[in-house]
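Please read the structure below before turning to the comments.
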Ligand SMILES: CC(=O)[C@@H](O)[C@H](O)COP(=O)(O)O
Ligand SMILES: NCC(=O)COP(=O)(O)O
């Protein structure tokens, strides 16, 4: 069981690439953002190579795999194309995520319980690359138990519902759901990460949940970086989550 006392920040650079792809230019370069993020204290760099290539491209991942000083968390759908690519680049971490072509963003967690044999085969195959494989799931006991059964050492709890909650009651309910999921995941012997939709005003309560290993944050960092620069955006976020975890 991992009971880290120090929470890690994984910086997702997808939306630096979103801006580049909007115009088909060479800038802004997500690789530069990744290096700046590392200098500012990122513990890892997350990229999601989507099937529709709306942001991160293969070349970004290949260059990152050569230049990162920390570690790459490669998010991917469970497809043959992505599995073969992951076997080629051999990232330190692989996170299996659900993907729908038309979605605005990742809408829910991976249904591990509903397709255990398929996910187990993917986890087994990808683990042979040496990667720590995690599953991006909702904070739901059924999915957490299934994640353990398929042999994933780690899970990432989808915090999108918490981020989207509007009333204080909903926020409290969603936060409790995440906190319960973290405790349940740890009790199952899993490494528990969390992320999606976290920003400077909602992150502290999640960072204060004991036992979370890492938060993966992207969209809010890229948005804030427009005004303060990428390094400052990352270091502000890192300071916030470390302070919240230390107070808890
Ligand atoms: C899996 C996850 O939560 C993120 O990687 C997210 O998918 C990135 O942003 P988009 O969903 O906008 O591509
Ligand atoms: N896995 C979640 C992630 O990497 C970042 O999501 P977001 O902060 O861009 O919503």
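In case you wondered, yes, glycine gets a Cβ from its N, Cα and C as well.
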From 70, 105, 129, the one annotated by TrEMBL with 14, 15, 50, 55 for 1-deoxy-D-xylulose 5-phosphate: 105
3-amino-2-oxopropyl phosphate binding, same site as 12, 23, 218, 219 - TrEMBL member from 41, 197, 211, 229: 197
DSSP-derived class (H/G/I helix, E/B strand, else coil) of residue 219 (3-amino-2-oxopropyl phosphate binding site): helix
Listed recorded positions adjacent to ligand 1, that is, members of 23, 48, 105, 196 whose C-beta is under 6 A away: 48, 105, 196
Residues among the recorded positions 23, 50, 55, 196, 197, 218 that border ligand 2 - Cβ under 6 angstroms, in sequence order: 196, 197, 218
